[in-house]
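Features reported for this protein in TrEMBL:
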- VAL42, GLU95, ASP121: S-adenosyl-L-methionine binding site (BINDING)
- 416-449: region 'Disordered' (REGION)
- 425-438: compositional bias 'Basic and acidic residues' (COMPBIAS)
- 439-449: compositional bias 'Basic residues' (COMPBIAS)
Amino acid sequence: MAFSEIMLHFRRFVLKGSSPHANLFPDKLFHKKQKVPAQLYVAETHLADEINKSIEPFLQQTKCDTAIEMNPGIGLFTRKLLNRDERLRKIVLVEVMDHFLPTLGELHAMYPERVKVKHNDIVGLWRLAYQDRMDHGTRVAELLSDLPKHEYTDEPTALLFGAVGCYNFFKHLINSVIFQNGIFSHGRFEMYLVVPPPIFIHLTCSNDIGYMIYRSTSMLFQMLFEYRFITRLPREHFLPNQGQRKVVKGARLTKVTSINPEYLYLVRIVPRRDFYDLCPIADLQALWYFVKQNCVSRRNRIIPNLEKWIPGCGPRLIINNKPSVTLKPLYDDEDVALLPQYSSRCTTMSNRDFYPHLNIYTQFGDLSPSQMLTLFTQFRQWHEYGQSSFLASLENTLLKMEAAVEENIDIVEEDDLSSEEVVLEGDKETAPNSDKETKQRKRNAVTST
């Protein structure tokens, strides 16, 4: 091992007693984790200063006066929010660990009208949404009760801050838009999140990286959300400590997991305000199923698959003479050279971005997110759509979801993430540890009938 790699290994964690705030954190957060933890905590004052400085240009432009912070811990970043008294009238602190509640309670005592403290888990909001669906509860509504409620097309309801290593959290963001529940039931949020590089790259990559990384979740996320990379933050200044990741020779995702392991990414994510103009609310679930089902296999070809639902539709796609819309980068001032490797720029979205020279061999993985949205729009507008087997298959899948054991049931894709990609599954306690378990997952997957 090279000297630089040895030094990186020793620098990758906060030592108990090495920070003036270290004694305020529970001992278990100093134990090095091999898997990416779902919740991450700011452990250094200068880190909170760096985050605050990095997001300053964006906060100067926002109209939100309400903020919600996920797992504020000892409140290092919370104090930066409190200093914005002219901008933020209300700050809601949602903490999952009992250990930090007394400290946060002191902030509430100091600012009783401005600071609210809740003992809950926003990172695990997908679980609360599932429980509500099962027993018609109001857990999500209670968690968001201190926030204003806006229409989806209005200005964002609140600013959301936090560090999260849970892949299912981002799947919940997608599902919340699609199924009109969960976190976006109160309107859109302007989110400033610290995330592990592999998750951000997976969500924002293009098909140039290969189908092992560029999946249906990548397409849906880029369709539904505006996103922007802001800066890299040293992983060593967050808790829990991260153990050294073992590099498995021949692992499928090494080229992604080896990118910036010593950093986390600070990013801005906001649901697209005009997306319902591109895809009506009534068609959101059909769009979700269209993308998920057609990306089950990376080798799926467009025309043969669509002709299973609407026979003879192939020539319409091949002989398409409609002009295509050119997408534009959403942020003109973005420095492309500073973007993480494999991450694509956020662009405008269109349902008239046709794939050029589509033929019998074109695969779904060849499409960009906007081209996939365009293909769905074409499919939806064909007169045979209402009587197609696609709708019956969609209804069957939604019924299975209602009966599922967990909210994040999914249509498992070929070569889906398994134990070696647990960096994208930081919320799971266990991961499949054998080919037999992986095959059983795929047998249990929801497939078309």
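Residue positions begin at 1 at the first shown residue.
Cβ coordinates come from backbone N, Cα and C, glycine included.
With a 10 A radius on its CB, ASP121 (S-adenosyl-L-methionine binding site) counts 19 other CB atoms from all the protein chains.
Cβ neighbour density within 10 Å is lowest for GLU95 among the binding-site residues VAL42, GLU95. Among the residues VAL42, GLU95, ASP121 said to bind S-adenosyl-L-methionine, no two Cα atoms are farther apart than 17 Å.
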